[in-house]
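Scroll down for the structure; my scribbles are underneath it.
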Amino acid sequence: MDSWNMKGSKMVDVNEITKYLPGFNCGACGYKRCDLFAEALLNKDVKLEDCPFLLRERFKENYEKLKEILKIKGKIKKEEKYIGVIDGYEADFLLKPLPNECSCRETLLIMDKKELKVGDYIRYRPLGCPIPHFAKIIDEYHGFYIIHVVGPSHRITGEKIEYKDVGIAIVVAFEGIVEGKVPEVGKTVKFIPKHCMMQKVHSGVVVQVEGKRVYIEGIDLKVF
């Protein structure tokens with residue numbers, strides 16, 4: 001669906017351009033991904049013809065559509081800024097849960113020797129965070145636990161759930177959907193998990209990207 005500003009003028013953003021590109025992320029245009037090429041098109045740093053696939057018969061309609069879109073001048077949609085509430089730092093993007101999930105997936109290193117299994121509910125405090133968390137274990141992998149944060153909202157609803165207290169845990173990874181510009185693999189990024197109670201900026205290194213789905217390791221709350 002096309003976007004319009006308050007005066008009825010058409011808005012153009014990276015997503016509108018990207019959906020008409022071939023989507024091969026082949027790098028032939030000089031950019032690693034099609035969305036990066038789309039951004040360069042909007043900034044007029046490249047030409048459509050720099051993508052060799054757009055010149056093929058298969059993508060003829062896409063090529064013509066993109067030419068029409070790129071005729072719109074001076075209406076490029078500005079990227080939204082994501083600012084942490086606690087420290088006021090600017091994040092690169094907001095990290096949202098995977099479809100039909102209640103929170104981003106987090107991978108924990110739990111030092112407590114309690115016997116834990118998938119389906120258990122745990123109470124813990126992430127290293128460096130002053131707020132106790134409540135979570136459900138959804139998977140286990142080589143001594144790491146993948147969880148969904150589910151509380152402390154249960155204290156408001158009055159829901160009675162038995163939790164195992166495991167003390168301090170180290171958050172080693174996040175997985176979720178990017179709202180904003182998708183980062184490249186290997187980049188150090190600053191992000192805000194949408195479910196974070198403090199809305200604090202986190203940092204980490206992107207190790208996997210699939211569309212807008214990203215996996216980030218080396219999580220740290222110290223951001224400069």
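If you go along the chain as it appears here, the first residue is 1 and each next one adds 1.
Here the Cβ of each residue, glycine as well, is placed from N, Cα and C on the backbone.
What Swiss-Prot annotates here:
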DOMAIN    9-68  domain '4Fe-4S'
BINDING   CYS26, CYS29, CYS34, CYS51  [4Fe-4S] cluster binding site
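Residue density at CYS51 ([4Fe-4S] cluster binding site): 26 other Cβ atoms are found within 10 A of its Cβ, drawing on all protein chains shown. Under the three-state DSSP scheme, CYS26 ([4Fe-4S] cluster binding site) falls in the coil class. Taking the Cβ of CYS34 ([4Fe-4S] cluster binding site) as reference, residues of its chain lying under 8 Å away and at least six apart in sequence are, in sequence order, THR18, LEU21, PRO22, GLY23, PHE24, ASN25. Across the domain '4Fe-4S' (9-68), DSSP helix (H, G, I), strand (E, B) and coil residues number 33 helix, 3 strand, 24 coil. For the binding-site residues CYS26, CYS29, counting C-beta atoms within 10 A of each C-beta gives the highest total at CYS29. One way to see the shell of the [4Fe-4S] cluster site is to take the Cβ centroid of CYS26, CYS29, CYS34, CYS51; the remaining same-chain residues with a Cβ within 8 Å of it are LEU21, PRO22, PHE24, ASN25, GLY27, ALA28, TYR31, PHE37, ASP50, PRO52, PHE53.
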